[in-house]
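Straight from TrEMBL, the features:
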BINDING   B:Cys43, B:Cys46, B:His47  heme c 1 binding site
BINDING   B:Cys191, B:Cys194, B:His195  heme c 2 binding site
BINDING   B:Cys310, B:Cys313, B:His314  heme c 3 binding site
DOMAIN    B:29-134  domain 'Cytochrome c'
DOMAIN    B:176-284  domain 'Cytochrome c'
DOMAIN    B:297-387  domain 'Cytochrome c'
SIGNAL    B:1-23  signal peptide
Amino acid sequence: MTKQLPGVDVVLVGFGWTGAIYAEKLTDAGLDVLALERGPWRDTTKDFATTFAQDELRYYWRHGMFQEASQSTVTFRNNSAQTALPMRSWGSFLPGNGVGGSGVHWNGQTYRFLPSDFVAKSHNEERYGPLPEGMTVQDYGVTYDELEPHFDYFEKICGICGKAGNLNGDIVAGGNPFEGPRSDEYPNPPMEMTFSQDRFEAAARNVGLNPFPVPSANMSRAYVNPLGLQLAPCTYCGFCEKHGCGNYSKSSPQTTIIPALMKRSNFALRTDSEVLSIEKSADGSRTTGVTYVDTSGETFFQPAEIVVLCAYPLENTRLMLLSQIGEPYDPSTGEGVVGKNYCYQVMSGATVFFEEEYTNGFVGAGALGMAADDYNGDNFDHTGLGFIGGGYIACYTTNARPIESHPVPEGVPGWGSEWKQAVQANFLKTASVGVHGASMAHRSNYLDLDPTYTDRHGRPLLRMTFDFTLNDRRLSAHLTPVAEEIARGMGGRDVVVAERKGSYDSVPYQTTHNTGGTIMGTDPKTSVCNRYCQSWDLPNLFVAGAGLFPQNAGYNPTGTVGALAYWSVDAIINKYLGQPGPLVQP
Amino acid sequence: MKAPALISAIGGLAALMATASTAQELSSSQIERGRYLTIAGDCQACHTDIENNGLPFTGGRALGTPFGTIYSPNLTPDDETGLGRWTREEFHDALNEGIDDEGQHLYPAMPYPNYTLMSREETDAIFAYLQSLEPVHAETPENDLPFPLNIRMSVSGWKLLFFEDEEFVPDPDRSEEWNRGRFLVDGPLHCGACHSGKNLLGASQDDEYLRGGLLENWFAPNIRAGAGGGIAHWDTDDIVEFLKYGRAEHTAPMQRMGEVVSISTQHLREEDLRAVATYLKSLEDELREEEDTPDPVRLETGAGLYFDNCAACHAADQSGVPYFFAPLSSSNKVHAEDPSTAIRIILGGARAQPTDTIPSMLAMPPFSWKLSDEQIADLLTYLRGTGDRRAGPVSAAQVTEMREYLAEEEH
């Protein structure tokens, strides 16, 4: 028996970064907003205080911050000919859970996608001719210039630390010369770099690249954001990724938005409340609210004038499929949209082992690094290369967390006393150079509902069908040698290269940058949402997050996720509320 | 000498004219004046059962005193349980003389020794504001006091000894701002209720005026800001920022003072806070006797504990992060003669008060599960023995005692 609740203006499904952004702006505009979060409340002092935030067993090994696979997981296969099996323990990616979502345990690398990334189809076709058969790359429908003010605001909310490379069209020394024009400098200066970044910078310049400090959400100094929220200087402890920050030094929904929001009487949050489906009116023309279940198993119908999907991209896609909103994507015909263009990223790199020099990798931060963008997006000529897109090449010192991190040179056994000696000899003397490669959408990579496996509520799990594409492999094969060349120029004794070859393997950790499934675009036949992140099918349903990306760029997604959320919520307030209905006529 | 007299004469005249001509306006401006004084008096804090999410001003909050537990009454104009049937005169007597509507003596947990400085116009204004609130029926629990204190007549003896019914008299040799500050500090803000030392009968001692006081095992620090005072290193702006934004260079209000800033001082006019600061800056203090340098072994142990557990936020050199994490080298809590608050914060943690301007919820986690009594004692001995001013060592027994108190409080 589903209990009927009194209606609200807006219900948000999920309360991580995008949930907090929509809630802050919509409550500020005077609307009654309710956020439903599947996981628990999370708070710095209670859940990741300095006294235990560095507990690697709890947070890394036992996945303390992540979605529990027993609560919900995905099934996986490399291609349609295989039978997908459920991921019973997370591997190559780690979806978040609870208040703050993945925004609690992220590294804090906060890039803007390139202007050309938002028009990937038209830009590349104009420059290189038609895209290859099967590549379903599309334009976003929104441009970098339109998103710029929203990138800027998100950076100010987060207090991002970096150096502008392009201020209103003027190239500025020390920053990224390839970035889109910025209206303002970063709110904070870059972090202090360490030995490894200094060596990387010199080596990258030596091969003609343009290194710049990675824009970081780890604070280089004390900062108060536009909502009056305080971010403290980072201590470079290196417990960012997979951990919450106990020092208030990493931008997260908790440190930058939630405390201001919780004071507002027109905001409410219900934790441990899992949305089961998005409900539609009898004529199917609009959503009427959501049905959710609490921990006692009781189900509720929460009516709302507007619903915004703010869960992780995989769950947003699943909810739309389960609720039968939009046409599911069919890879055999290429028709349908929900679940289309699932993308990942292609990570590779090289590790440098020094003989004498100490790199002291334990002095780190999630986004402490130098990067070069010369091989990202369309910053280089792809003529004759057989692929589009690219990736940044970076030297991060994010951690030397002792359980997780013990790089050893080639030829060392994987265990035993020789291995231990090698760990001891190299632990303080390594640096890494990584390639953060883009992933272009392909007809054969997609998400749908699994025909066999269900969750504890009996609902089908999401099925992921994905493998690296020819474009991915060529991209990685082209960029990894550049990373290796830089690594060899850093003055170490030994370099070990980790190429990305063969099929995608869902077990070893690679990156939690899963995109697509609810993509935005210009045509309802090829996208789930319009340029304002509004469902083409139900005009009072909006979707947030990286599921909107028609394909994945060679960057960490959070900066663009934040900008899209601010862009969309601005459209709700300034366009939709005055005249509720489709904001784009198909 | 002339100026204040003139001002008060004009004020009196204006009030008179208002009474005669514009009663409606007077009523609304009087309510507004009362609202402001109610905020300044922090009435809502004690008269709301904050621990149990009680409605504002409906009372029922358990106030621990050294003599037993007193429950605050309902201030809303409910006829049966609140002030619905009170008159302005009765209300004035309560604030001015500590006597309720039935002529009974009020326990001095109610700071009428401070409120008595307010004028009749001011208590009338507060009354008018409270009468404008929505009446809420809320019974006040019986006080839990031992004999003979449960007999209210016993308060009369206390009042005979320690209470003087007096109006505020401006000091003509001081500026108007200073006088306003003193009125606020000694009157509605009743700072001394916590920050002045008490005698064994719970009355503020004149010679301990704003030199710090112990209340429910919190040591409210010395807030004299003139030379030699506990916050001599704070300038006027520091004091104003602390009270207005809940963040200042030296520290943030936490727990009990956090409540005061949240409910009261952040809503006060800046010129009033500046007056408070001006007055506090005029209060000098005798220099404390220098303590001997503590045992070097304890100092070394304490320094190691500090570096491992505290330095990430408070910085290796104790300089902290101003406006975020308190610089400990100059902390008036760390270096207070009574280390209770410092012990308590290390054991139980502390939360910087979120305010309207700075809603951040910065907090220090509890260390009770992580550090032993000996370790906390060594850590504090190190901090108190190496800062800008020296304070005596802390014993493990003091920490044990506080740990037991906190465990008991939790039950």
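Note: Cβ is positioned from N, Cα and C throughout, glycine not excepted.
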Protein Cβ atoms within 10 Å of B:Cys313 (heme c 3 binding site), excluding its own: 22
Neighbourhood of B:Cys43 (heme c 1 binding site) by C-beta distance under 8 A, where only residues 6 or more apart in the same chain count: B:Phe57, B:Leu75, B:Ile126
Taking each of B:Cys43, B:Cys191, B:Cys194, B:His195, B:Cys310, B:Cys313 in turn, which of these binding-site residues have a Cβ less than 8 Å away from a Cβ in chain A? B:Cys313
What does DSSP assign B:Cys194 (heme c 2 binding site), in three states? helix
For B:Cys194 (heme c 2 binding site), which of the binding-site residues B:Cys46, B:Cys313, B:His314 has the nearest Cα in space? B:Cys46
Give me the DSSP three-state residue breakdown of the domain 'Cytochrome c' (B:29-134), ordered helix, strand, coil. 45 helix, 12 strand, 49 coil
B:His47 (heme c 1 binding site): which of the binding-site residues B:Cys191, B:His195, B:Cys313, B:His314 is the nearest Cα neighbour? B:Cys191
Pull the DSSP breakdown for the domain 'Cytochrome c' (B:176-284) and write it out as helix, strand, coil residue counts. 52 helix, 9 strand, 48 coil
Apart from the site residues B:Cys43, B:Cys46, B:His47, the 8 Å Cβ neighbourhood of the heme c 1 centroid comprises B:Gly41, B:Asp42, B:Gln44, B:Ala45, B:Thr48, B:Phe57, B:Gly59, B:Arg61, B:Ser72, B:Leu75
Pairwise Cα distance for B:Cys313 (heme c 3 binding site)/B:Cys191 (heme c 2 binding site) [Å, integer]: 30
Write out how many residues of the domain 'Cytochrome c' (B:297-387) are helix, how many strand and how many coil, based on DSSP. 40 helix, 7 strand, 44 coil
All-chain count of other Cβ atoms within 10 Å of B:Cys194 (heme c 2 binding site): 23
Inter-residue Cα distance where the pair is B:His195 (heme c 2 binding site) and B:Cys46 (heme c 1 binding site), in Å: 17
Averaged pLDDT, computed only over the residues in the domain 'Cytochrome c' (B:29-134): 92
For the recorded heme c 3 site, enumerate neighbouring residues of the same chain (Cβ within 8 Å of the Cβ centroid of B:Cys310, B:Cys313, B:His314, site residues themselves excluded), in sequence order. B:Tyr306, B:Asn309, B:Ala311, B:Ala312, B:Ala315, B:Gly320, B:Phe325, B:Leu328, B:Met364
List the same-chain residues at least 6 positions away in sequence whose Cβ sits under 8 Å from the Cβ of B:Cys191 (heme c 2 binding site), in sequence order, or say none. B:Val185, B:Leu210, B:Ile223
Using a 10 Å cut-off, grab the number of neighbouring Cβ atoms around the Cβ of B:Cys310 (heme c 3 binding site), all chains included. 21
Just to verify: the residue among B:His47, B:His314 with the fewest other Cβ atoms within 10 Å, which of the binding-site residues is it? B:His314
